[in-house]
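Database features (TrEMBL):
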| type | residues | note |
| --- | --- | --- |
| TRANSMEM | A:7-24 | transmembrane segment |
| DOMAIN | A:52-160 | domain 'Epoxide hydrolase N-terminal' |
| ACT_SITE | A:Asp226 | active site, nucleophile |
| ACT_SITE | A:Tyr372 | active site, proton donor |
| ACT_SITE | A:His427 | active site, proton acceptor |
Amino acid sequence: MGVVVKLFIVIITVLISWIGYKVNNIIKPPPLPRLEETWWGNGDPWRTDKSIRPFRVNISDKILEDLNYRLDHARPFTPPLEGIQQQYGMNTKLLKEIADFWRNKYNWKEREKFFNQYPHYLTSIQGLDIHFIHVKPKSIHHRVLPLLLLHGWPGSVREFYELIPLLTTPQKDRNFVFEVIIPSLPGYGFSQAAVRPGLGAAQMAVVFKNLMKRLGFEKYYIQGGDFGAIILHHLAVLFPEVVLGFHSNMCAIYTPLSYMKTALGIIYPTWFTREDHTERVYPVTKILVDRLRETGYLHIQATKPDTIGVSLNDSPLGLAAYILEKFTTGTNISYQNHEDGGLKNVYDYSDLLDNVMLYWVTGSMPTAMRLYSETFNLNHMSLGITRIPIQVPSGCIRFSNDFYSSDGILNEIYPNLLHLTDHEGGHFAAFQLPKVFAADIFTAVGKFEEFNANNKH
Amino acid sequence: AIVIIVLKVVDKFRQLFKIPPLPYLEDTWWGPRNKSEEDESIKPFTINVSDEIINDLHQRLNNARPFTPPLEGIQHQYGLNTKLLTEIVEFWRTKYNWREREIFLNKFPQFTISVQGLRLHYIHVKPIDPDGLRVLPLLLLHGWPGSVREFYEILPFLTNPQPGYNFVFEVIAPSLPGYGFSEAAVRPGLGAVQMAVVFKNLMDKLGFKKYYIQGGDWGGVIVQNMATIFPEQVLGLHSNMCFIRTLSSNIKLFLYSFWPTLLLPREHADKVYPLSSKFANTILESGYLHLQATKPDTVGVALNDSPVGLAAYILEKFITWTNSDWKNLEDGGLMKKYTYTDLLDNVMIYWVTNSITTSMRLYSETFNKAQTALGITK
């Protein structure tokens, strides 16, 4: 071979190696960062009460009267455009129906009793009072497994109420049952909000690790969806030694490699995606446009939460419209073509308003939305924790109307995926399908238990 | 076969860059009434808001729910700082006098007229003493979250003789459909292109066949559309937002990033480059646009029910869009260029007319496939 040809081969090899090196740098997970135990509140770290205090939901009459006044004096709604259902957002004909129910049928005092049927507590973690529900199973004949359940936005602990009895009651053919710990995220509901910037998903993982430690749990199972899943992804990566297993109903992947795989799949969709699921990923342009149509809230909350927060905390119907719109398209995207948003098919207005009330009576929507700006910013994202694989046993349930990750992409972040289910349902799955949800958790944890037993060192 | 492939690629390329033909645009009936019932007369208009609305406003200002304090060390980086909002609301509650402002806002002659089924509000100022000067008709269009209020200070300059010029303007400054005192469309489809049709028809009804047009923000987009679709009507266009977004302009933008001074003078290079930081800034400032282009009816409920919420939403823009450095000032810098009274006049126009939701629909009516497919901005 001539000198020129040899030189050409050398240059090509060097070029390919350089590209490979660059790509590998992009693909490989970043190193595990160390996170500080920041003090998020106002109190003095040396003099904070570390006890666990019982808590009851008990909203003042003043707040309830103010709410009724606002409902009675709501400004006129702008009627929807002709022929439009929910395609421009919350249809005010539906909102009127909900407003009437809220004012005339919804009874907060009764709902308070409902809320208080489970024991609530507060304890101060890193300067913030964290609210949580803690339910122990009644049975003593089964192994009791601690389970941390995390809600997301615009959800709350309320989403898990129907799940609690199913998880804490012995199931046929199961030799274990759960003890559940269900906190409100910092800045949500009855949990205090940070006074200084920086409390993103990663930092919330630290707070919850400390919460569970305060409650005396060395190792436990974890379950979450929406931001709950994101926070628990961080927890599983940062503190694998405390996590016995991770069940998620939002196994979303945000890595460069996964984007590359999805792009490659344009040529041949079944490379990484199951044949009967290809329409959930392709065509990519359609999926992106659909996503774009539903993420205006994410964009504004990730950039100007304090602006939008003012109106949402001053207008109960404004708050309800904003939250309940998510329950329509989040449960089933086709509900945007229903004038009533399809809500009545799936939920009771009472249950939906319970969740809205948790934001209203605590005035927590503005601080809740800050989780987006604290997480979706360069500082937080450069920690890169969601690009680090989760080594603990994990399980994913993919609901048909929720965010989807292909089988061939999951393994990058969930190399130890012991359980994968698909089921009809939406983003608020625990709320919508508690029996299915509980059953899936039992199944997944059954597999985790087996794995853990076989892998004891 | 290679020749065929090459020809196909070249043809595809040509199609991408080709200027599309002007589409046919109907005179859609946008309003709630039947054509036969529509009152076609021009009616004088005076702003006269009911006591009920003003009392209700004060009740809401007095009983606003407590604001969430900003995070430590933060000014407006997370959005409008509620310490500033407290100050503004206090001013609104105690010093701002709507009845006085009404007198101010009524200083120019206002009218309403029906165009395509919508009763549109407009200010119409003729020069008092043209004294031999040529009188040129000028259509002034506002944008979002603005209103006709933005033009009050310049109207006297435009309609009075200026030294060195042998012409003076007769100004028509309408409220966009769905904004302020103009009626809103009852059926979908009234985007920026269709608004160009509406305003051409407005000027036509007022007896103007040829005129000058000026706009910024949505006004800039609409006047651009008018000049494209009705060049025979437009004597000249002045815009303070000359917006170009075509495939070839995007390609140029990208290519010139390797050598910016081939495209622009050195002192302007940092207005465009680096692309990445400009893009990042756009993302930071366009949350409202994304939300309004997709779910205006959702966010509109809260904004129309909470005056403090509406003020926060609107005034945040007056901070960041006047000077992006003002985000780092706790008081948002507003008093450097504006008075709270003037700013609140604009907010009040949205509040007293319940028009925030319909104003935001302009985004969803314009940022969609159907409107983009018309290709007018190419």
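Just so it is clear, glycine is given a Cβ too, placed from its N, Cα and C backbone atoms.
What you see is a predicted model, and the numbers here were worked out from it, not measured in a lab.
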Point to revise | Secondary structure content of the domain 'Epoxide hydrolase N-terminal' (A:52-160), with strand meaning DSSP E or B | key: 37 helix, 25 strand, 47 coil
Revision key, fill the gap. Sequence-distant residues near the transmembrane segment (A:7-24) by C-beta distance (under 8 Å, 6 or more away from its ends) are none
Study note, to complete from the structure: Per DSSP (three-state), A:Tyr372 (active site, proton donor) is helix
Check your understanding: Which number gives the other C-beta atoms within 10 angstroms of the C-beta of A:His427 (active site, proton acceptor), all protein chains shown included?
Key -> 22
Practice item. Over the domain 'Epoxide hydrolase N-terminal' (A:52-160), work out the mean pLDDT and round it to an integer. Key: 96
Review point. Three states by DSSP: which one describes A:His427 (active site, proton acceptor)?
Key: coil
